[in-house]
Ligand code: SAT
Ligand code: MN
């Protein structure tokens, strides 16, 4: 059985081919209406995937628990299948497209047996954009459909626009890889031990198999808006980046737009929703995860948030750390995955409140009591919620061509070495700092946690081509505009620890506005900076600590440039550059030589 279809011949043919290969019981063209969403949610409750939360506490909201093996992006199963291996570069897993497609076609054969195949037309960014960025995801997961409806603009209006414009689109094929062959019963969270998250950048295709987790299954997000889009952006002269977009307004009423790249689970959503602790300053969010940036007619870089929802890490989100996120999810219409369920039909996770409820159902469905030695929620558990519900959403979010970026931040999670903040000397120096960005790994991907790894522009898992060429593309972008029109580039590190007692040197969260204030004053030409071997660091007194219980000496510790630590860092950067190999741009070698010379001087 099939509902509807399309006049777009390429799309219809692809849908027919996929249905013939995967043999679903029926094909449903997703319309995006509220009635359709309600039906799917009800079906997900009936199948046990969803538990409906108490209507008074979280209206129209659901709790889901994944299979314990399917909780994060699987970077070791993620492939960039370009025709040539060198086009995927040294940081991506590569397989020849024909070989990978042969393997995956075998897996897809009959994989939707007993299931419904959904066809989701979607657009990343605005339907009214100069160049609307269309996609279609085929999936056998109703969880993916209702999540995609939160995370992207989907449904019939998008399909009609695609038909009218005869527009091209990114093809995303997703299956959980759990066919209901011979009447086999379904499980709450179908998935497979065999997983492939495959990208074909040349043909703008995504093939995903075996996982239902967000970053592996909601193909508009990391797979399209970063991996495929970064390859498009290289070809077309724009940028697809793993960045938040923040609007900051000073007490004088001047607006500044800041983009910030941070690896997954390093506080990007918290910074995007910052509640400044400094009197007179206010912040609004434009985006919390992805920024697409293009030059405007005035020669400045404009950023749009291509997403429609927020897919944030739940643990650590609470009234103290991120009140705006709490207000966003309280409005309902949200899906919570792998957090804990309270006895009265609400959700809870570590860090939501100081005290845990006396009893919970944990993310594995077991009884949980405080102090039982287990976390109630998986460290990468997520809330999926409509972006527009955020009380501090900037009106510019609706601007189809985005906001002009004044500054770019690069941040990681580093216990040592990297100062709280410093400014780079020019675009190329900024690209060097971005290209050598590093962070301790988090639970956002499977694998060891807490290991320092290089994460260029926080894009390591998301660059859809050769990382050296990607760095070169950044340098190219810098040549396309007047230096005065380019955003200024800063590095920040909220996570530095005291060498003696290991405590955090900086309070973080809302107090990060104090760092942003210094950056704005630099942009306005009113703040001083000290020239150090690594870049321009504020004098400790230049950071506004009004109302903070923090001495100038403590601020100085957070800002310190320790030559010995940086000598060790330089050795690590040498190793990193050696890994990039031939495609490493010579300008970045020059920047490293300059850093070494400054440190030796
Ligand atoms: O990859 S996700 O989009 O699921 C989340 C993240 O790792 O940033
Ligand atoms: Mn992210």
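Glycine residues also receive a Cβ, built from the backbone N, Cα and C atoms like all the rest.
For 14-234, the entry in TrEMBL reads domain 'Phosphoenolpyruvate carboxykinase GTP-utilising N-terminal'.
Around residue 215 (substrate binding site), a 10 Å sphere centred on its CB holds 26 further CB atoms from the protein chains shown. The substrate binding site annotation in TrEMBL covers 73, 213, 214, 215, 264, 380, 381, 382.
Around residue 289 (Mn(2+) binding site), the same-chain residues at least 6 positions away in sequence with a Cβ under 8 Å from its Cβ are 221, 242, 243, 244, 268, 269, 272, 305, 307, 310, 311. The Mn(2+) binding site annotation in TrEMBL covers 222, 242, 289.
Look at TrEMBL and you will find 238-597 tagged as domain 'Phosphoenolpyruvate carboxykinase C-terminal P-loop'.
Annotation comment: TrEMBL describes 265, 266, 267, 268, 269, 270, 382, 413, 509, 510, 511, 512 as GTP binding site. DSSP assigns residue 267 (GTP binding site) to coil, not to a helix or a strand.
Summarising the annotation, TrEMBL assigns active site to 266.
Around residue 264 (substrate binding site), the same-chain residues at least 6 positions away in sequence with a Cβ under 8 Å from its Cβ are 73, 313, 442, 444, 445, 458, 461. Secondary structure from DSSP puts residue 511 (GTP binding site) in a helix. Across the residues of the domain 'Phosphoenolpyruvate carboxykinase GTP-utilising N-terminal' (14-234), the predicted structure has a mean pLDDT of 98. The two recorded residues residue 213 (substrate binding site) and residue 266 (active site) have their Cα atoms spaced 19 Å from each other. Residue 380 (substrate binding site) falls within neither a helix nor a strand when secondary structure is assigned with DSSP, and so counts as coil. Cβ contacts within 10 Å of residue 222 (Mn(2+) binding site), excluding its own Cβ and spanning all protein chains shown: 26. In sequence order, 71, 72, 265, 313, 338, 442, 443, 444 make up the list of same-chain residues 6 or more apart from residue 380 (substrate binding site) whose Cβ falls under 8 Å from its Cβ.
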